[in-house]
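S.K.: Feature table excerpt (TrEMBL):
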| type | residues | note |
| --- | --- | --- |
| ACT_SITE | C193 | active site, nucleophile |
| BINDING | R21, R173, R174, R215, S216, N217, D218, N226, H256, I257, Y258 | dUMP binding site |
| BINDING | D218, A323 | (6R)-5,10-methylene-5,6,7,8-tetrahydrofolate binding site |
| DOMAIN | 2-324 | domain 'Thymidylate synthase/dCMP hydroxymethylase' |
Amino acid sequence: MQQYQDLIKTVLDTGSWQDNRTGIRTLSVPGAMMRFDLLNDGFPAVTTKKLAFKSVVGELCAFLRASRSAADFRALGCKVWDQNANENQQWLDNPYRLGEDDLGPVYGVQWRGWPGYKLIPADQTAQIEDAQRNGFRVVAPLQDEGVAKVLLYKAIDQLRECLDTIVNNPGSRRILFHGWNPADLDAVALPACHLLYQFIPNAAAREISLCLYVRSNDIGLGTPFNLAEGAALLHLVGRLTGYTPRWFTYFVGDAHIYENHLDMVKEQLTRTPFPAPKLVISDRVPAFAQTGQYQPEWLELIEPSDFALEGYQHHAPITAPMAV
Ligand SMILES: Nc1nc(=O)c2c([nH]1)NC[C@@H]1CN(c3ccc(C(=O)N[C@@H](CCC(=O)O)C(=O)O)cc3)CN21
Ligand SMILES: O=c1ccn([C@H]2C[C@H](O)[C@@H](COP(=O)(O)O)O2)c(=O)[nH]1
């Protein structure tokens, strides 16, 4: 994967030193982009070190199940959330933390159950009825600054709505889900880094593409994970909706290399990337294109063992400490 080498080079050549909350400074570049042709170039697994693929797909499955406990991530084979859940003093002191291993309403909770509220004047019955038809339920009548209102609530399954739209209205340019919930930023171990996922189906070609925006990206540890995870999600969505994964475009806001990761990334630059592997999703995950049956419940049924990399050649493992 040449794109990852190029990103490392760009940051080493043009980055500037920045301080941040972790106490480990970074070499940072404001804004970077990589694009992958998944159909013709294969799966974007980093090859200049060993990608912890089992951990990546474990994390993805935990997100798909709306997990908020590092214990659930561990049970699916992913340990990378332990430190954020249990070793950051600010989070340990946060009143929203529900005890050992809790992360708060992170990624999957927002993807699958974004807390949606409406506060509607009690006399707007047409609005209230419309909201109820859309799945909102009345929580309580209340007085708001002297006006009688009704509070309604719905947990919004943004990801499921994306799949529904891909199947029913693929020309839509509004097929996206968001992980950044401003009302919950004070209640999470870490505000979402990969936060905006937009699916772009091409109904004529039966191809689907993904644009992903990552606000802050740890190029040494986070980027390989986030790339593999975004691409695996696109493959899964394609399988369940009848589309072939095509372009995966990856945008980064603050693209940075931690000072204690410099040896790791420089070592990777001395290594020649291998050809990309292929992602295989197990046959038991039904292909809409073959069955003609829409089965979005597989978003929750999928297991880490349903994902495999075929022909994954990689250089020797290297790792470095994660900044907490
Ligand atoms: N500083 C920081 N960087 C991150 O990339 C990051 C966080 N924090 N916090 C939350 C998640 C967790 N993610 C992580 C955290 C650690 C690894 C990591 O240590 N990876 C090792 C092996 C992991 C394994 O075997 O499971 C690696 O060498 O890739 C990867 C992604 C991405 N995120
Ligand atoms: O999926 C992820 C999650 C986290 N990161 C990195 C990016 C930053 O280095 C830290 C988060 O710190 P902030 O101060 O909140 O930006 O974790 C990642 O790359 N990918």
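The chain as shown is numbered from 1 upward.
Keep in mind that glycine also has a Cβ here, set from the backbone N, Cα and C atoms.
Describe the structural context of these features.
M.R.: In three-state terms derived from DSSP, C193 (active site, nucleophile) belongs to neither a helical nor a strand segment and is classed as coil.
In sequence order, T165 are the residues near R174 (dUMP binding site), counting only same-chain partners six or more apart with C-beta under 8 A.
According to DSSP, D218 (dUMP binding site) is assigned to a strand segment. Shown in sequence order, H256, I257, Y258, H261, M322, A323 are the residues of the chain, 6+ apart in sequence, with a C-beta less than 8 angstroms from the C-beta of D218 (dUMP binding site).
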S.K.: When the Cβ positions of the binding-site residues R21, R174, Y258 are compared with the atoms of ligand 2, which fall under 6 Å?
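M.R.: Close enough to ligand 2 are R21.
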S.K.: Let me make sure I understand the structure: which of the binding-site residues listed (R21, H256) has the fewest other Cβ atoms within 10 A of its Cβ?
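M.R.: Per-residue Cβ counts within 10 Å for the binding-site residues R21, H256 bottom out at R21.
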S.K.: Around S216 (dUMP binding site), how many other CB atoms lie within 10 A of its CB?
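M.R.: I count 19 other Cβ atoms within 10 Å of it.
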S.K.: List every residue in the same chain as C193 (active site, nucleophile), at least 6 positions away in sequence, whose Cβ is under 8 Å from its Cβ.
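M.R.: Looking at Cβ-Cβ distances below 8 Å from C193 (active site, nucleophile), excluding near sequence neighbours, one finds V214, R215, S216, N217, G222, N226.
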S.K.: Among the binding-site residues R21, S216, D218, H256, Y258, A323, name every one whose Cβ is found under 6 angstroms from ligand 1, counting any of its atoms.
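M.R.: The binding-site residues passing the 6 Å Cβ test are D218, A323.
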